[in-house]
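Annotation source TrEMBL lists transmembrane segment at 28-50, 71-98, 137-165, 226-246.
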Amino acid sequence: VFSQKEVWVCGCCYDCCMRCLGGVPYCSLVATLLCFSGIALFCGCGHQALTETERLIETYFARNLHDYITLAYIIQYFQYVIYGLASFFFLYCIALLAEGFYTTSAAKQTFGEFRSTMCGRCLSSSVSRLKITITHYFFIVMTYLLAVLWLLVFAFSALPVYFFYNMDATCSTIAVLTETPASINQLCVDARQYGLLPWNAVPGKACGMTLSSICKTREYQMTYNLYVAAFAGAGITLLALLTYTVSSTYNFAVLRYLGRKGIGPRC
């Protein structure tokens, strides 16, 4: 049997925990987890897929080093860009999550859901008066621009998936037409048509049973799967940025409304 004092202490602790949980920006938290997982997929799988692509081009589509040296430099450049993207988004997502805690706790304190508890004072001790600051503008505009730019990255990441899909479809057709060798030799995948190699590259393309044997290799299957995973990671990251944009805009609108009404935090 609990005493009245123990029940009162437990009730206060429970109430404090609920108030603290009420100040968590769940929307920003979910977006952060999505962003971390999407960037991990895009950067990790994309980096390895580029390495495997260079190996496939070198082995099956080009015999001379000068034919694919430009492609090798481009792949190396994109791999360095991937390193920068991973570092930037890791720091930016943490900053957005912190900004979500700041604005969410400030708004909920004003509405009375998150008032004078210890957690409320810790999260919003710097909020003496609700007002719109340049920080809110910066995060909204920056996140919106990143979402637009990442939409282009998402579209760009679909290109290698399209190339490997066409290659896989051609290999499937070859497997069906095994009884007509003349028709099989006319089915080719030309890397030069996709801009991967210059037009004077030799052989530059794979046809017939040679192409079918390439599609059965472990390197091809792994590269195809890696590009699909990187494409999915780009989509998840785009979803996270859109979620960030919605949550930041909502917090911005709430704080602006409260600032116009002259409502301050209730302690």
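Placement of Cβ uses the backbone N, Cα and C atoms for every residue, glycine included.
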Maximum Cβ pairs under 8 Å to the transmembrane segment (71-98) - stretch from the list 28-50, 137-165, 226-246: 28-50
Intrachain residues whose Cβ lies under 8 Å of the transmembrane segment (28-50), provided they are six or more past its termini: 75, 78-79, 82-83, 85-86, 89-90, 93-94, 96-97, 99-101, 104, 157, 160, 223, 226-227, 229-230, 232-241, 243-244, 247
